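Undergrad: The following block contains the structure, expressed as structure tokens.
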Amino acid sequence: MEVKMIILLFQILAISTLKSDSADIPEGYIQENVALRGRATQSAQLKGEFAGFAHASNAIDGNRDSNYHHGSCSHTEGDNSWWRVDLKQVYTITSVTITNRGDCCGERISGARILIGKHLENNGINNPECSTINIMAAGETKTFHCPQPMIGRYVTVYLPKAESLQLCEVEVNVLFPAPC
């Protein structure tokens, strides 16, 4: 138990040396997308002719294809939409990478909040904020660095306006010690 605690403290120390605008990975560490291991859900799935393409799990399939009709994007329906991944365990998260829809409606994501925490109260919307998506071009993939490493099991993307939320990939980035 003490060894695990010491390793965790070293991880936090190494991660905290990252600047929020840095894409560098500290020596001796590897970055991994842990969202691929998770389970996704969303506030409400799009209904109608193209509903089959709209599943929450499409945003964690490892495919950054930004064309909604290719079946690799999620799509909510209704106001104040949210999408969430349960990572199934707690991690120290440094950043979240999002791929925006590219074939249409890229502006809809503006104002979305990326929230990370250990609680599901209010569907994770009450968890601390990592970053806000101010603007993203259609089809763009962008990494949002948390101001400091954040500990959490749930990553929620919440769009607090009257608009649907469309995500073509969500990657939750965690640093692990590199194998020797």
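The backbone N, Cα and C atoms fix where each Cβ goes, glycine too.
Sharing the feature lines straight out of Swiss-Prot:
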- 1-22: signal peptide (SIGNAL)
- 31-179: region 'F5/8 type C-like' (REGION)
- ASN58, ASP61, ASN63, SER72, CYS168, GLU169: Ca(2+) binding site (BINDING)
- CYS73-CYS168: disulfide bond (DISULFID)
- CYS104-CYS105: disulfide bond (DISULFID)
- CYS130-CYS146: disulfide bond (DISULFID)
Undergrad: Applying the rule Cβ within 8 Å of the centroid of the Cβ atoms of ASN58, ASP61, ASN63, SER72, CYS168, GLU169, what extra residues of the same chain belong around the Ca(2+) site?
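TA: Residues close to the Ca(2+) site, other than ASN58, ASP61, ASN63, SER72, CYS168, GLU169: ALA59, ILE60, GLY62, ARG64, ASP65, GLY71, CYS73, SER74, THR99.
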Undergrad: May I ask for the distance between ASN63 (Ca(2+) binding site) and CYS146 (disulfide bond), taken between their Cα atoms and rounded to an integer number of Å?
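TA: Approximately 23 Å lies between the Cα of ASN63 (Ca(2+) binding site) and that of CYS146 (disulfide bond).
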Undergrad: Using DSSP, what's the helix, strand and coil tally for the region 'F5/8 type C-like' (31-179)?
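TA: Going by DSSP assignments, the region 'F5/8 type C-like' (31-179) contains 23 helix, 73 strand, 53 coil.
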Undergrad: Rounded to an integer, what is the Cα-Cα distance in Å between CYS130 (disulfide bond) and ASN58 (Ca(2+) binding site)?
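TA: For CYS130 (disulfide bond) versus ASN58 (Ca(2+) binding site), the Cα atoms are 22 Å apart.
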Undergrad: Going by Cα-Cα distance, pick out whichever of the disulfide-bonded residues CYS73, CYS104, CYS105, CYS146 is nearest to GLU169 (Ca(2+) binding site).
TA: CYS73
Undergrad: Nearest by CA distance to CYS168 (Ca(2+) binding site): which of the disulfide-bonded residues is it, out of CYS73, CYS105, CYS146?
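TA: Out of the listed candidates, the nearest Cα belongs to CYS73.
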Undergrad: Enumerate same-chain residues with a sequence separation of six or more from CYS73 (disulfide bond) and a Cβ-Cβ distance below 8 A; give 'none' if the list is empty.
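TA: The answer is PHE53, ALA54, ASN58, ALA59, ASP65, SER66, ASN67, ARG101, GLN166, LEU167, CYS168.
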Undergrad: Using only C-alpha positions, which one of ASP61, SER72, CYS104, CYS105 is spatially nearest CYS146 (disulfide bond)? These are the recorded positions in the record.
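TA: If we rank ASP61, SER72, CYS104, CYS105 by Cα distance to CYS146 (disulfide bond), first place goes to ASP61.
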Undergrad: Counting only residues 6+ apart in the same chain, whose Cβ is under 8 Å from the Cβ of SER72 (Ca(2+) binding site)?
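TA: Same-chain residues close to SER72 (Ca(2+) binding site) (Cβ under 8 Å, separated by 6 or more) are ASN58, ASP61, ASN63, ARG64, ASP65, CYS168, GLU169.
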